[in-house]
Amino acid sequence: MQQSTIVQPSTQPPPTLAPPAHRFPSRCIRSHCATTPSAIMAPLDRIPIDRLKRLAARARTLAIVYLGVLFLGTHLPLSISLPQTHLGPVSIEDKIVHLGLYALLTFFVLAGWELTLRRELQPKHYFAVWLVGTVYGMIDEITQIPVGRTGDMHDWLADVIGIVVGLVLFQVVRKKLYQWLSRKAPEPERGPGS
């Protein structure tokens, strides 16, 4: 003979759900917790998550396409000779172009990475971008030699300086960039009676 047990309904109220977690990962970083966005990242919280993911994908795509164009531009044989201003054996215009190209590449990579993570990049991320960019710049200069171009140490140094400029530029303008992106975000829909 089986005994049946009667389950009594609980008199305790159902547990309340915690408020929705912030979009940023709940991983503590140094003295503050990343669940609370920094002043720099706070504007991104006003952007719907699906739009933020699209922005991150676009930034990553832009960085990859830009890198491809940069690679092609440095590996196609030069068909015309442009006049250049020389300071001894170093042409100034060429070095400024190298600096600017690598600064922009660095900016695109950092923006894509930070938007993808949806949290502030740490010093280790900046170091990684600097290191990879520096090694890529060296490889880029060396691999130009087989296609009839010249690998130049001064070009590589301009690339490295451009990477540093890109790192600093990103630090300086990213808060304004995120504020601008959040102003472009559509207002969240409000329910009736709001």
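Cβ from N, Cα, C; glycine included.
Taken verbatim from TrEMBL:
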- 95-173: domain 'VanZ-like' (DOMAIN)
- 1-21: region 'Disordered' (REGION)
- 55-76: transmembrane segment (TRANSMEM)
- 96-115: transmembrane segment (TRANSMEM)
- 127-147: transmembrane segment (TRANSMEM)
- 153-173: transmembrane segment (TRANSMEM)
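Remote same-chain partners of the transmembrane segment (153-173), defined as residues 6 or more beyond its termini with a Cβ less than 8 Å from a stretch Cβ, comprise 90, 94-96, 98-107, 110-111, 126, 129-130, 133-134, 137-138, 140-141. Per-class residue totals from DSSP over the domain 'VanZ-like' (95-173), listed helix then strand then coil: 67 helix, 0 strand, 12 coil.
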